[in-house]
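Features from Swiss-Prot:
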CARBOHYD  ASN18  N-linked glycosylation site
CARBOHYD  ASN44  N-linked glycosylation site
CARBOHYD  ASN53  N-linked glycosylation site
CARBOHYD  ASN63  N-linked glycosylation site
CARBOHYD  ASN72  N-linked glycosylation site
CARBOHYD  ASN87  N-linked glycosylation site
REGION    1-20  region 'Disordered'
TRANSMEM  112-132  transmembrane segment
TRANSMEM  134-154  transmembrane segment
TRANSMEM  156-176  transmembrane segment
TRANSMEM  198-218  transmembrane segment
TRANSMEM  225-245  transmembrane segment
TRANSMEM  287-307  transmembrane segment
TRANSMEM  327-347  transmembrane segment
TRANSMEM  363-383  transmembrane segment
TRANSMEM  393-413  transmembrane segment
TRANSMEM  426-446  transmembrane segment
TRANSMEM  456-476  transmembrane segment
Amino acid sequence: MSTGADLKAREGDIPSDNMTQEQSFKKGFCSLRHGLAFILHLCNFSIYTQQMNLSFAITAMVNTTVASSQLNASTERPPTNSQDVWNETLQESKAPVYDWTPEIQGILLSSLSYGSFIAPIPTGYVAGVFGAKYVVGLGLLISSVLTLFIPLAADAGVALLIVLRVIQGMAQVMVLTGQYSLWAKWAPPQERSQLITIAASGSMLGTFLVLIAGGLICQALGWPYIFYIFGGIGCACCLLWFPLVYDDPQNHPFISTGERRYITCSLAQEDCSLGWSLPIKAMVKSLPLWAIVVSYFCEYWLLSTVMAYTPTYISSVLQANLRDSGILSALPFMFGCVCIILGGLLADFLLSRKILRLVTIRKLFTAVGVLASSGILLPLPWVRSSRSTTMAFLVLSSVFASLCDSGALINFLDIAPRYAGFLKGLLQVFSYLAGGIAPTVAGFFISQDSEFGWRNVFFLAAAIDVVGLLFYLIFSRAEVQDWAKEPTFTHL
């Protein structure tokens with residue numbers, strides 16, 4: 001195994017023309033590592049469309065009287081015209097409908113989370129030990145194929161559909177967690193923010209597209225086609241993934257010598273070798289790791305609240321109909337998709353030009369993202385009379401929140417690249433924990449008092465996010481921790 005000193009020595013032996021070629025790979029987007037970011041962008045896009053498609057399709061899948069009663073309970077002004085369109089569409093498309101109670105619908109929508117909560121840590125460990133190519137690829141393939149079979153499973157019975165969704169949740173975690181083991185091998189430190197944010201922006205784009213097109217697909221083609229279309233897109237992504245993606249640049253058959261050398265030399269100071277053992281005791285005692293964990297939980301509390309209740313807030317408080325609610329709910333994700341990439345580019349620019357240190361960049365982007373996004377949400381209850389002002393605040397909150405993806409949310413790769421897959425799995429558990437608790441608490445507040453409930457929801461989410469920020473600012477670091485380095489042995 002090559003050490004950092006060996007790699008430095010080899011770098012010194014590189015001829016000047018090769019060094020010039022190597023320098024050229026520091027600029028531009030025509031490289032295999034950026035190609036990997038684009039493919040992962042498509043993978044994340046596919047996974048998030050598959051996560052959200054049932055939320056839209058279930059309105060058309062259930063008996064219209066059940067759907068109508070749910071709609072009347074969740075909005076102040078039921079959009080009767082939109083409901084008539086749904087009824088006409090169901091009759092014309094002849095898609096099957098089911099007499100699922102609200103309780104069964106809730107279990108179906110939650111079943112994906114059951115699998116997602118179980119799988120992250122073992123998935124991250126397996127990806128870190130055996131490599132991420134087949135972990136991510138198989139996860140995407142399984143999730144996509146199961147998406148295609150959802151209409152058949154629904155016909156077979158609700159129990160089979162629940163089991164299918166649990167397995168699908170586990171498969172999706174394989175993609176969302178395992179990909180970070182790839183970045184530990186492929187992302188030079190000075191490009192880490194932009195590469196990861198390009199890939200992560202696929203989740204925003206997927207959410208945006210489902211919010212925009214999900215209802216239209218169900219209306220025009222029938223609800224089964226929302227599963228056929230997005231499941232088919234996922235299968236198509238697998239055709240790109242397996243032949244083009246490799247676990248590391250050393251084994252990639254199509255990479256140029258210059259790019260391989262640039263990535264290898266850039267990562268020479270970091271120990272990215274795969275390891276079987278986990279320094280659990282050292283991890284538990286590591287305050288920089290706890291800073292990331294706490295920040296993850298608190299930031300996802302705010303994010304989960306916004307994602308879960310933005311459509312409800314727009315429909316009930318702003319009294320938008322179904323069509324307008326979908327379009328307006330998609331706007332924050334559209335702008336967030338763009339700004340998450342711009343934030344990554346800005347972070348890497350500040351680092352490559354040595355304007356700021358890496359730890360300063362991580363703390364600065366996290367602080368701006370948390371303070372601005374949470375602060376903008378606080379006045380929402382007082383501007384509810386203006387739809388344009390409310391939407392402007394929601395969009396701005398999403399824009400600033402995207403900066404955290406270049407801050408605390410990728411900081412674990414800085415402190416322990418060797419255990420990137422395992423740590424991402426651990427952090428996913430805390431994010432799912434926040435995602436399970438936050439909407440429940442928000443629902444309790446809103447049910448108690450519709451006017452002051454929203455105010456309490458936003459204040460609580462902002463307060464939790466700021467507390468997490470303070471903990472992160474105090475204890476976070478950006479250098480590789482001692483427990484994340486490969487042990488060295490002295491031979492006498």
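Glycine is treated like the rest: Cβ placed from N, Cα and C.
Situate these features within the shown structure.
A 10 Å cutoff on Cβ-Cβ distances gives ASN44 (N-linked glycosylation site) a total of 24 other Cβ atoms nearby, all chains included.
The Cβ of ASN53 (N-linked glycosylation site) lies under 8 Å from the Cβ of THR147, VAL210, GLY214, ILE226, PHE227, PHE230, each on the same chain and at least six residues away in sequence.
Within 10 Å of the Cβ of ASN63 (N-linked glycosylation site) there are 14 other Cβ atoms, across all protein chains. In the three-state DSSP scheme, ASN63 (N-linked glycosylation site) falls into the coil class.
Away from its own ends, the transmembrane segment (134-154) comes close to residues 43, 46-47, 50, 53-54, 61, 96, 98, 123, 126-127, 160-161, 164, 167-168, 171-175, 178-179, 181-182, 223-224, 227-228, 230-235, 237-238, 241-242, 245 of its chain (Cβ-Cβ under 8 Å, at least six residues beyond either end).
Long-range contacts of the transmembrane segment (156-176) within the same chain, counting only residues at least 6 positions beyond its ends with a Cβ under 8 Å from a Cβ of the stretch, are 43-44, 47, 50-51, 54, 98, 100, 104, 107-108, 111-120, 123, 127, 135-136, 138-140, 142-143, 146-147, 149-150, 425, 428.
Within its own chain, the transmembrane segment (198-218) is flanked in space by residues 34, 36-38, 40-49, 51-53, 55-57, 59-60, 89, 179, 183, 225-226, 229-230, 307, 311, 322-323, 326-327, 329-330, 333-334, 336-338, 340-341, 344, 402, 405, which lie at least six positions past its ends and keep a Cβ under 8 Å from the stretch.
Distant neighbours of the transmembrane segment (393-413): 180, 183-184, 187, 192-193, 196-197, 200, 204, 288-289, 291-292, 295-296, 299, 302-303, 306, 310, 331-333, 335-336, 339-340, 343-344, 346-347, 361-370, 372-374, 376-377, 379-380, 383, 420, 423-424, 427, 472, 476, 478; these residues of the same chain sit at least 6 beyond its ends, with a Cβ under 8 Å from one of its Cβ atoms.
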Calculate the distance in Å between the alpha carbons (Cα) of ASN44 (N-linked glycosylation site) and ASN63 (N-linked glycosylation site), and round it to a whole number.
32
Would you say the transmembrane segment (426-446) and the transmembrane segment (287-307) are in contact under the rule of three or more C-beta pairs closer than 8 Å, pairs 6 or more apart in sequence?
yes
Do any residues, 6 or more residues outside the transmembrane segment (112-132), come within under 8 Å Cβ-to-Cβ of it, and if so which ones?
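For the transmembrane segment (112-132), the sequence-distant neighbours (Cβ-Cβ under 8 Å, at least 6 residues beyond its ends) are 51, 54, 139, 165-174, 176-182, 247, 274-276, 278, 418-426, 428-429, 432-433, 435-436.
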Going by DSSP, give the three-state secondary structure for ASN44 (N-linked glycosylation site).
helix
Going along the chain, which residues at least six beyond the ends of the transmembrane segment (363-383) come within the CB cut-off of under 8 Å?
295, 299, 302, 306, 313, 343, 347, 356, 389-390, 393-394, 396-398, 400-404, 406-408, 451, 454-455, 458-459, 461-462, 465-466, 468-469, 472-473, 476
